[in-house]
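**Q** Submitted below is the structure of interest, expressed as structure tokens.
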Amino acid sequence: MNSSSTPSTLNTEATSVLSREWIHKGTKAYKHAGFALFLVGFASFSLIYCVQPLLPAFSQSFQISPASSSLALSLTTAFLAISIVLSSAFSQAIGRRGVIFTSMLCAAILNIVSMFTPNWHSLLIARALEGLLLGGVPAVTMAWIAEEIAPEHLGKTMGLYIAGTAFGGMMGRVGMGILVEYFSWRTALGLLGAICFICSIAFLKLLPASRNFVQKKGLNLGFHMQMWRAHLSNTKLLRLFAIGFLLTSVFVTLFNYATFRLSGAPYSLSQTQISLIFLSYSFGMVSSSLAGSLADRFGKKTMMMSGFALMIVGSLMTLLTSLFGIIIGIAFITTGFFITHSLTSSSVGAESKQAKAHASSLYLLFYYMGSSIVGSAGGWFWLHGGWSAIVGLTVFLSLIGIFLAVYTSHAKAH
């Protein structure tokens with residue numbers, strides 16, 4: 001390991017925060033960065049989650065079970081989780097912006113290519129590769145924000161990025177649901193890929209060049225392993241990682257199987273009607289943007305607990321037979337999820353004093369593994385216990401999340 005990779009040097013870098021050339025709110029660079037971050041959040045998350053409203057269509061088209069259809073999303077997030085860890089190492093060597101742009105552009109192209117897949121297994125391969133490519137976006141974007149944005153604006157800026165992910169998640173789902181009502185799911189995937197291709201070009205033009213990025217020559221495996229071990233030995237970070245795992249476990253499981261519940265009796269909603277329910281993501285856009293301000297007023301721990309509490313209340317409301325009650329419950333779930341996710345994301349950036357991309361990659365590894373593992377495992381609960389079993393599972397996981405949020409603020413780094 002060369003001297004530039006030693007902990008002492010990194011600690012020196014961490015203590016020179018005040019001498020950095022930060023991007024401040026109100027400047028042209030901040031406005032461009034905010035729009036670029038919103039675009040990258042929109043494009044990446046619309047590509048990831050565009051298949052969620054299509055699960056019933058996949059189940060019918062390929063004659064597969066609901067649990068099997070969920071693999072179209074679970075495989076994407078599983079490969080995404082693995083790729084995130086690797087991409088953080090690559091971005092240390094070649095730069096943040098290049099990694100994000102290349103990942104987004106190639107994933108958009110692959111989404112267009114996926115419209116030509118001849119069978120279920122080839123579609124799964126395309127979705128897995130897309131997840132592998134998109135791994136270069138979330139952790140590296142979070143690291144760019146932590147490195148370039150002034151600390152006093154970190155929470156708000158992270159909220160803008162999370163708002164973009166909420167908008168992407170919403171429009172990917174809503175757009176897919178509406179398009180598949182009038183066209184094939186293949187055409188819908190191709191159109192979304194074209195839109196995200198344009199977003200990737202705009203992102204490259206808008207995002208300011210890095211000012212505080214310190215390049216690490218080569219892919220020093222020993223250095224990366226040392227940084228990952230250091231973060232995993234930090235008790236507070238570990239609890240934040242666990243919260244990320246629980247958040248997506250609850251959120252993705254509920255949304256995966258809500259599509260099957262609402263498409264069946266007694267609701268029998270069309271694809272367009274089901275997709276419109278995903279407009280509840282607009283609550284996520286608002287709540288993620290306000291999360292930082294609310295945390296400043298009431299405290300991060302209180303707001304993170306409140307987010308999980310909202311998810312519990314929302315989950316229980318979906319047990320109602322009234323469609324209106326179910327929709328309100330979904331809105332509560334979405335609001336709670338984005339409040340806690342926004343605060344947890346910014347907490348990881350603030351808690352990691354060095355190698356921020358490594359900390360972000362570990363958080364997102366846990367985050368997406370929750371989506372992959374519990375999102376697919378939820379199929380067993382759906383098959384054997386129906387919707388009430390899904391709700392029981394998600395309420396239990398949310399209670400664990402509240403417990404972790406209570407003690408996160410008391411944990412100390414080691």
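Placement of Cβ uses the backbone N, Cα and C atoms for every residue, glycine included.
The domain 'Major facilitator superfamily (MFS) profile' annotation in TrEMBL covers 29-413. Summarising the annotation, TrEMBL assigns transmembrane segment to 35-55, 67-86, 98-118, 124-146, 158-179, 185-207, 237-260, 272-295, 302-320, 362-383, 389-408.
Walk me through where these features lie, including what they touch and how far apart they are.
**A** Below 8 angstroms of C-beta separation, residues 66, 69-70, 72-73, 76-77, 80, 100, 104, 107-108, 111, 127, 130-131, 134, 137-138, 141, 145, 157, 160-169, 171-177, 180, 185, 188-189, 192-193, 195-196, 199-200, 202-203, 206-207, 255-256, 259-260, 271, 274-275, 278 of the same chain, each at least six residues beyond the ends of the transmembrane segment (35-55), sit close to that stretch.
Residues 40, 43-44, 47, 50, 87, 90-91, 125-127, 129-130, 133-137, 140-141, 144, 186-187, 189-190, 192-194, 196-197, 199-201, 203-204, 207 of the same chain lie 6+ residues outside the transmembrane segment (98-118) yet bring a C-beta within less than 8 angstroms of a C-beta in it.
Remote same-chain partners of the transmembrane segment (124-146), defined as residues 6 or more beyond its termini with a Cβ less than 8 Å from a stretch Cβ, comprise 37, 40-41, 44, 47-48, 51, 71-73, 75-88, 90-91, 96-97, 99-100, 102-104, 106-107, 110-111, 113-114, 117, 154, 157-158, 161, 207, 210, 213, 345, 348-350, 352, 356-357, 360-361, 363-364.
Sequence-remote contacts of a segment are chain residues at least 6 beyond its ends whose Cβ falls under 8 Å from one of its Cβ atoms, and for the transmembrane segment (185-207) they are 32-33, 35-37, 39-40, 42-43, 46-47, 50, 54, 57-58, 61, 97, 100-101, 104-105, 107-116, 144, 172, 175-176, 179.
A Cβ distance under 8 Å defines the sequence-distant neighbours of the transmembrane segment (237-260), meaning residues of its chain 6+ beyond its ends; these are 52-53, 55-56, 59, 66, 70, 73, 77, 231, 274, 277-278, 304, 311, 315, 318, 330, 333-334, 337, 340-341, 344, 347-348, 351-352, 359, 362-371, 373-375, 377-379, 382, 387, 390, 393-394, 397-398, 400-401, 404-405, 407-408, 411, 413.
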**Q** Please indicate, using numbers and ranges, the residues of the same chain that are 6 or more beyond the transmembrane segment (67-86) and have a C-beta under 8 Å from a C-beta there.
**A** 48-49, 51-52, 54-56, 58-59, 123-124, 127-136, 138-139, 228, 248, 252, 256, 361-362, 364-365, 367-369, 371-373, 375-376, 378-380, 382-383
